[in-house]
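Taken verbatim from TrEMBL:
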| type | residues | note |
| --- | --- | --- |
| DOMAIN | 89-124 | domain 'EF-hand' |
Amino acid sequence: AAAAGPWAVGATRKDLIIMDLRQFLMCLSLCTAFALSKPTEKKDRVHHEPQLSDKVHNDAQSFDYDHDAFLGAEEAKTFDQLTPEEPEESKERLGMIVDKIDVDKDGFVTEGELKSWIKHAQKKYIYDNVENQWHEFDMNQDGLISWDEYRNVTYGTYL
């Protein structure tokens, strides 16, 4: 029984070249598809806000987390430094903060105003943190951070 196909007796050289070319193109297209395909990976589809404080959020133990979230980390530090003998100073400072939170000046703080204030405090903390670290990264103090400066500071190999 003779084999069928281009390798059978009587197949021309042209038929063999066409068959080899088809196999090569098929292999090449499969390799290209494999190389360009992205691996399937599980992605977290939830956008996580940065933490409002580095303290543990457990109201049964303390309100330190809420204290930082409400006042902002820097403002919370100034309140922490007040002594118990300075209650009027604390009330005055809190009054000024409540005035800032009460955007519509109706004398009440709504949930929306409080959420907005906490987001403001969080963003201020982030911007202040970036400002503080900028000088560390901008090693030549030109106001810009080059890739070399970033890489040297980030990976610990200072120039």
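Heads up, the Cβ atoms here are built off N, Cα and C, so glycines get one too.
The model shown is predicted, which means the values in this text are computed figures rather than measured ones.
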- Item | Segment-level pLDDT (mean, integer) for the domain 'EF-hand' (89-124) | 88
- Helix, strand, coil: count each for the residues of the domain 'EF-hand' (89-124), based on DSSP. 27 helix, 0 strand, 9 coil
